[in-house]
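Q: Following this message is one structure expressed as structure tokens.
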Amino acid sequence: MKILGIETSCDETAVAIYEGDTATGLGVLLAEQVASQIETHARFGGVVPEVASREHLVALPPMVESILAEAELTWAQIDEIAVTAGPGLMGALLVGTSYARAAGMVHNIPVSPVHHMEGHLLAPGLAGVLPEFPFITLLVSGGHTMLVRVDAIGKYSVIGQTLDDAAGECFDKSARLLGLPYPGGPEIAMLAKGGDAKRFKLPRPMLNKDNLDFSFSGLKTAVMYAVKAAGGVESFDLQTMKDMAAGIETATCEVLVKKSIRACLREDAPRLVIAGGVAANETLRNMLFKLAEAKGVEVHLPHPKHCTDNAAMIAYAGFQHQCAGLAAPDEWDATPRWTLHS
Ligand code: ATP
Ligand code: FE
Ligand code: MG
């Protein structure tokens, strides 16, 4: 079957077409496109919801036509539309879901609502097959930091999460303190390459707490004090910037990696997936591979382009629902706040 995926939950307008065989659960991604609004929002230092909705409205219809042309398909050959129904920005979600519903009605195609986070946590399947159940996923993005136990498609339990800021948010806010543009994660990662992570002593929040939760707002505050103590960002030379970036990156990644591996061992599920925008971070990947190998945990990583927001993961989640025989609900709406559960 061929599934058209649509994603408009935040600041990326994305479309994709996935073709899979429900008997085997295997398939291929036929085409995908992502139009990022990052540059539009960068001058405001973050995503402006109203602007995001208007940009989606302009970008989405021609992108859908363009991806059908790219895959050399007509509407008649599409078997299902999978669309992100939440969580996300209300206006942005409404653009995607309204478009999906209208197209479904016009072309007589069923529409299936997908939870954005479910898309992220199943994303490694796009590279081939999903890990054996049960597995643990660390979902780490601009809006979320959580550990999820996956027992089957549609059977998810959140076993740990951030009590305040998300890890990506910590990267973004720390970057702002250093005068770096939005989004800050890639900026910090780039600077950190030549930095000495030991120069500035930053905390590892919640690392020694005997649970699987996270907290990153204290780290951001520690960065603020460290910057002040070092004379303020205006006085920083390039090496000081690099050392500070390396310190921030290492502190964040160390907590994420150690807690994720701890979750796998505790849950007796030695297979770990990392997903979400921060999962594109190379230091995180390297630290994770090292510790995972030592502890006998298998690591599954989505392609970096499928770590950030994309529609391939939404089409794929729709496909996996079909494989698992999970029917779309009769009634559904765009849901800005939607917790992930079984
Ligand atoms: P959510 O998916 O939770 O609604 P979101 O859409 O902001 O939130 P993503 O698009 O998945 O999340 O990820 C964006 C976040 O990832 C930003 O906070 C960004 O700084 C961070 N990020 C992207 N690349 C990197 C990187 N290489 N290193 C660290 N952080 C990164
Ligand atoms: Fe996302
Ligand atoms: Mg995003």
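The chain as shown is numbered from 1 upward.
Note that Cβ sites are derived from N, Cα and C of the backbone, with glycine treated the same way.
Curation does not apply to TrEMBL; its annotations are automatic.
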Q: Please identify which of Asp268, Asp309, Asp330 is recorded by TrEMBL as part of the Fe cation site containing His116, His120.
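A: Matched candidate out of Asp268, Asp309, Asp330, per TrEMBL for Fe cation with His116, His120: Asp309.
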Q: Check TrEMBL: it lists Leu139, Val140, Ser141, Gly142, Gly143, Asp172, Asn281 as binding substrate. Then name which of Gly125, Gly185, Gly296 it lists for that same site.
A: Gly185
Q: Take the C-alpha atoms of Gly143 (substrate binding site) and Asp309 (Fe cation binding site) and report the distance between them in angstrom, rounded.
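A: Distance (Cα to Cα, whole Å): 12 Å.
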Q: Checking the binding-site residues Leu139, Ser141, Gly143, Gly185: which ones have Cβ within under 6 Å of ligand 2?
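A: Cβ < 6 Å from ligand 2, in sequence order: Ser141.
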Q: Cα within 10 Å of His120 (Fe cation binding site): which of the binding-site residues Leu139, Gly142, Asp172 qualify?
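A: Near His120 (Fe cation binding site) by Cα: Leu139.
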Q: Using the CB centroid of His116, His120, Asp309 as the Fe cation site centre, which other residues of the same chain sit with their CB within 8 A?
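A: Near the Fe cation site, beyond His116, His120, Asp309, sit Glu7, Ser9, Cys10, Thr84, Met117, Gly119, Ser141, Gly276, Asn310, Met313, Ile314.
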Q: Report the mean pLDDT of the predicted model across the domain 'Gcp-like' (29-316), rounded to a whole number.
A: 96
